[in-house]
Amino acid sequence: MSAPLLLTFNPGSSTVKIGLFNVTADGARRIGQGTIDFQHAPLLLHLVGGDKTREIPLQASVTEDLHDVLDETLNWFATHFSLTDLVAVGHRVVHGGDAFAGPVAITDATLAAIVELVPLAPLHQPQSVRLIRAIRHLRPHLLQSASFDTAFHRTQTDLVRRFALPRRFFDNGVKRYGFHGLSYQFIARALARQSQRLAAGKVIAAHLGSGASLCAMSAGSSRDTSMGFSTLDGIPMANGSQPFCEGNQLWPFHAL
């Protein structure tokens, strides 16, 4: 009997990264991966299996949903990997708000809650919603789960998560949520495997990509992070507003 397969989706601001894993009692082993590049016209699928890499132009175009794009992508995966044993799909979802403190199975109710958080992560959250709906349409028998970037930062104190605003704003959800939590969780676990002494101490970790952030960890838990209420906040990056001193806007008038 073949081992069951797990498919994962990691939507970024410009790509969707896909992983195919063989799942056994000893854990999950990645056997294939792909990336859909949405900045390329036509869409480009980078498909990796073993030591072979392929770049495949996709015929499907991006519409309001991703049914056609994902259907073509899965067909290409099926030409290189057997998907008959595929049993589940896992999604990285950027924003879990106060509703989600850990991974959940995707139901109608959880999907509705994920949709409600779209305004707080307008680059990433809609892509997750489209992927979830596309899998429901194309492979309705598959179990789907969501893991949230914000969940890792739930260990931060309320003092760290508060803005200098009246308490009612915090109570209504205006707070520092933090992001890239799944990346930091991976870093914390990898560090623990390499050095328990270092993992038990204080660590500054960085997630660097089109989106970027920093996280202060202690004993493998999040204590503070550079991103706050939304994915636009924090250190300089390709997709974000970053802190900008208003004095810079006044200086040109003085110089003139």
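Each Cβ is built from the backbone N, Cα and C atoms, and glycine gets one as well.
Just so you know, TrEMBL annotations are computer predictions that nobody has curated.
The Mg(2+) binding site annotation in TrEMBL covers Asn10. Within the same chain, residues at least six positions away from Asn10 (Mg(2+) binding site) with a Cβ under 8 Å of its Cβ are Val16, Lys17, Ile18, Gly19, Arg92.
Marked as ATP binding site by TrEMBL: Lys17, His207, Leu208, Gly209, Ser210, Gly211. For the recorded site, Gly209 (ATP binding site), the DSSP three-state label reads coil. Within its own chain, Gly209 (ATP binding site) has Gly12, Met237 as residues 6 or more apart in sequence whose C-beta sits under 8 angstroms from its own.
As annotated by TrEMBL, substrate binding site applies to Arg92.
Positions annotated as active site, proton donor/acceptor by TrEMBL: Asp149. Sequence-distant contacts of Asp149 (active site, proton donor/acceptor), defined by Cβ-Cβ distance under 8 angstroms and a gap of at least six in the same chain, are Arg92, Val93, Val94, His95, Gly96, Gly178, Phe179, His180, Gly181, Leu182, Ser183.
Under the three-state DSSP scheme, His180 (site 'Transition state stabilizer') falls in the coil class. All chains included, 28 other C-beta atoms sit within 10 angstroms of the C-beta of His180 (site 'Transition state stabilizer'). Feature annotation from TrEMBL assigns site 'Transition state stabilizer' to His180.
In this structure, the binding-site residues Lys17, Arg92, His207 were compared by how many other Cβ atoms lie within 10 Å of their Cβ, and the smallest count belongs to Lys17. Least packed by the Cβ count within 10 Å, out of the binding-site residues Leu208, Gly211, is Leu208.
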